[in-house]
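K.L.:
For reference, TrEMBL lists these features for the protein:
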DOMAIN    5-277  domain 'Acyltransferase 3'
REGION    319-342  region 'Disordered'
TRANSMEM  62-81  transmembrane segment
TRANSMEM  88-110  transmembrane segment
TRANSMEM  143-159  transmembrane segment
TRANSMEM  171-193  transmembrane segment
TRANSMEM  213-231  transmembrane segment
TRANSMEM  243-260  transmembrane segment
TRANSMEM  280-301  transmembrane segment
Amino acid sequence: LTPVYAYVIFYYATVFNYTGTGPLWKIIAGQDSQDCKDNWWTNILYISNYVHADHMCMTHSWYLPCDFHYFIIAIGVCLLIKKEKKFGLGALLLLTITSILIPFILTVVYSRPALLHFYPEFLTGPKTHPDFLLTYSKSHTRATPYFIGMFAGYAYYKVQEANTHVCRIKSHLLILVSVFFILISIVGGAVFYNPYHPYNSIESATYAALHRPAFALGSTGIIYASSYGHASFIRNILTWQPWIPLSKLVYGAYLMHMQFQLRAAAKFMSPRQFSYFDLISLSLSDMVLSFAAALGLYLIVEAPFRKLFREMLMPNKVSPPRQTTEPTMRENVANGTCDSRL
């Protein structure tokens, strides 16, 4: 992750501030560029969501330190599972329960809303918003889906060994339940956007603690059903070949997409009214520009560094040809058998 990340941080800290002008440019783009000049080191060390989080370089990069922290924890948990399976899985279960309780407790204690509201007061100053700093960007409040994913990966590995197959009825039922979990986790948030809905700390805390696990469980169920059951339509979508090259560009698009949105907001010269067509048009424009920039990043930075690290850490070892007196594969085929040692 780091080489491309560092390259984009360098761009934000140096070049980005000079790529446009406008009455709001210095306030929006200039401030973000200055934060990258001052706090780039917290991003490189993956502590930016805890250290100087109110002046974080690249607001959307809060996810990367979270992912890094979970990865460190995951290594320890995997070693525990390998050494003592029951103890390791118990530790993972304890971590999962703790990660559910943390947002619940914080929401009740601080009387915060169930989710981060994307209202103007947040969009105009996301880094200093209390909910962004308290729960939205912190590793200890976002860990549950990662731990559920670890359970899912372990179960997937075990089921793959057992060559399990899910029948048609169970597959369809699992898909329906999974879609229900995903819809509840998303649509349920509409209740808390209703300005006339009375605030209840327990209700808000319950949604804050459970909506991400519900989404993770729903995603896991769909993957399980499409892998081992009768969900061929979903499996064909998930295994569609064009996803492969796009998957190599997603990380770069994630890093670069915000600068296009910041530029658009900072260059406004006068108030503007948006229609649904404008929203769709701007969204598609952001996607195309982000993936085009990601392609350049991949070719110039990411792919060369991946190759370099692979050569340094995992050099190719050419083993000498194995001497054998057994018949060759061609001879076996000629004799009516096929003995392929791949």
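The backbone N, Cα and C atoms fix where each Cβ goes, glycine too.
All annotation found in TrEMBL is predicted automatically rather than curated by experts.
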K.L.:
Can you find at least 3 Cβ pairs under 8 Å between the transmembrane segment (62-81) and the transmembrane segment (213-231), where each pair is 6 or more residues apart in sequence?
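P.N.:
Stretch pair does not touch.
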K.L.:
Among 171-193, 243-260, 280-301, point out the range having the most Cβ pairs under 8 angstroms from the transmembrane segment (213-231).
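P.N.:
The stretch I would name here is 171-193.
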K.L.:
Can you tell me which parts of the same chain pack against the transmembrane segment (88-110), counting only residues 6+ beyond its ends and a CB-CB cutoff under 8 A?
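P.N.:
Here the qualifying positions are 73, 77-82, 134-135, 140-141, 143-144, 147-148, 150-151, 154, 201-202, 204-206, 208-210, 213.
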K.L.:
What else in the chain is close to the transmembrane segment (171-193), if you only count residues 6 or more beyond its ends and a Cβ gap under 8 Å?
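P.N.:
Counting only partners 6 or more residues beyond its ends, the transmembrane segment (171-193) has Cβ contacts under 8 Å with 113-115, 117, 204, 207, 210-212, 214-215, 217-222, 224-225, 229-231, 234.
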